[in-house]
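Taken from TrEMBL as is:
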- Asp372: active site, proton acceptor (ACT_SITE)
- Tyr457: active site, schiff-base intermediate with substrate (ACT_SITE)
- 70-127: domain 'Copper amine oxidase N2-terminal' (DOMAIN)
- 160-256: domain 'Copper amine oxidase N3-terminal' (DOMAIN)
- 300-520: domain 'Copper amine oxidase catalytic' (DOMAIN)
- Tyr457: 2',4',5'-topaquinone (MOD_RES)
Amino acid sequence: MNSLLKWAVGLLVLFSVLLNLALIVGYSRRTPTCATRSVHAPKGKHEARSRVFADLSRDEYAQVQDYMLRQKELNISTRQSTRPDENFLFLIDLRVPAKSEVLAHLDAHGPAPRREATVVVFHGSTGFIKEYVVGPLPKPSDHRDVTAQDYKAELPLSARPVTIGEYILIFKLLEQRVFLPLAKVLHESFGADHKHRLNAFEQMPRGVRSGERKTWISFFRDQSGMYIQPAGFEVLLNHLSTDPSQWSVERLLYNGQYFESVNALLDAYRAGSVQKLSASPWEDYGSLKPRSRPLQVGPQLVSPEGPRYSVSHNHVLYMDWSFAFGLSSLTGMRVFDVRFKDERVLYELSVQEAMSVYGSVTPGMGMTKFLDSSIGIGRFAHELVRGVDCPYEATYVDTYRYIDVAEAGRYRNSICVFELSLGQPLRRHFADFFSHSYGGMVNSALVFRTITAIGNYDYMWDFIFYQSGAVEAKVHATGYISSSFLVAGSLKHGHQVAHNVLGNIHTHFINFKVDLDVAALRLICLSSMSHMSQLYVLQSELYQTVVVKREQRLQ
Ligand SMILES: *[C@@H]1O[C@H](CO)[C@@H](O)[C@H](O)[C@H]1NC(C)=O
Ligand SMILES: [Cu+2]
């Protein structure tokens, strides 16, 4: 009897240990239920027909690439190191179907428009850029050249953006024809050597006349925040030819003085007829590491009953709102078929362009007008960091892109969606005259966000859907300012932000496309904003304050 009891107790203990283990393993795998599941079903239904706006999937990119490679007469290469004189498959992106076809599908239950891709090929062998439409997806069977129809002109190869393949050749040229012969100058002037490298940051446009391809390249110390670490050295590279042996360094700027060739600078330096710079120690003032520890964890966003929105494929439901979304590699994020209480209020709201125009006495920054869509805006929508870029509990969406690559890539968590409490009632009244009463309404809004880091700048793009029926398109810029080496006359074009560093004056222009479908909508749209880079090195709160104030004025 005694031994039987012992056995029973032993088995019970073993069973309880196993059960505990199973429960611990089971529960620790679950994410917190309060943020992932909604207590109430969303008001509307997800619209499957919204797929007409969906970006291409990884399979679709591969199908289009395969199709293009099968067209032997096009002789296309997909290597990332493709040379400028070869034919390179640069871009594959969704060809958004015509609005009339989409509306027939959405509203009149017409057939789904043909799903097609836009394909851009740099024909290095013939000297032209071509845009093709390839379809129908998923199994493409034909392509047509739409360059003449879409651009009303032939597009010369010189107008193409610089690809990885061309960068490889540019960096090789700089190494062999600039850094090597000038090693002593660069070491004595900037402390550059094998361990202390100089990085190139190029300016735009690449020339002043149509057909030119000449780029001023400014050099920066290879340290964190290189954009505010300028060395006093810039070169003008002519890289028009598809044969890199024909490229030439046409001018150089050293400490504010111009030279017509590398040899001319060398000779003047040796003869002592140039105002020499002497290397100062490299200081790490551009680091993003916090300067002090935060006091404690800040407030967090919590949805006790789960999210009040729902994301399915490329479609979002939120209270009275619904919309489809996508991300173009070139222009950036976009939403389509935006409905409020089932009524379409916007057919399209999309980012189109982010331009910045700079002033400087130095040629690099002085010439610069960045037209970011020419490099690609959506292309730089990288992973968003939970709890910093978006709230922890936000919904994160992956995107897939094909631009200047050998195969389509996945960009994890590059879009986030969340509902935000606005911290102020939508409306309220407290009656203290005649009678006493109070009525107030909590206010919150849905945020659809991407952040694109285009070189020095990080643009934080928000489309915000308010319960009042308003939509806001908003952008904040952060990251690093663009800077140049301080020379005589520089201070007319900005403010000094560090030793020998000028934060150049500049203006941002931001363009959105708004295709409004009803008159009743209150739409807040920023079309342009400007600011001067003032007395700060990192763009931070101060900068945001400036932007927010301007936004308020525009509203
Ligand atoms: C195709 O392009 C390669 C370079 O990528 C070239 O060597 C070859 O001659 C081309 N073939 C034809 C048929 O044009
Ligand atoms: Cu700026």
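Here the Cβ of each residue, glycine as well, is placed from N, Cα and C on the backbone.
Of the listed active-site residues Asp372, Tyr457, the Cβ environment within 10 Å is emptiest of other Cβ atoms at Tyr457. The residue listed as 'active site, schiff-base intermediate with substrate' and Asp372 (active site, proton acceptor) have their C-alpha atoms 10 Å apart, to the nearest angstrom.
Helix, strand and coil counts under DSSP for the domain 'Copper amine oxidase N2-terminal' (70-127) come to 13 helix, 19 strand, 26 coil. The residue listed as 'active site, proton acceptor' carries a helical DSSP state (H, G or I). The DSSP secondary structure for Tyr457 (active site, schiff-base intermediate with substrate) is strand.
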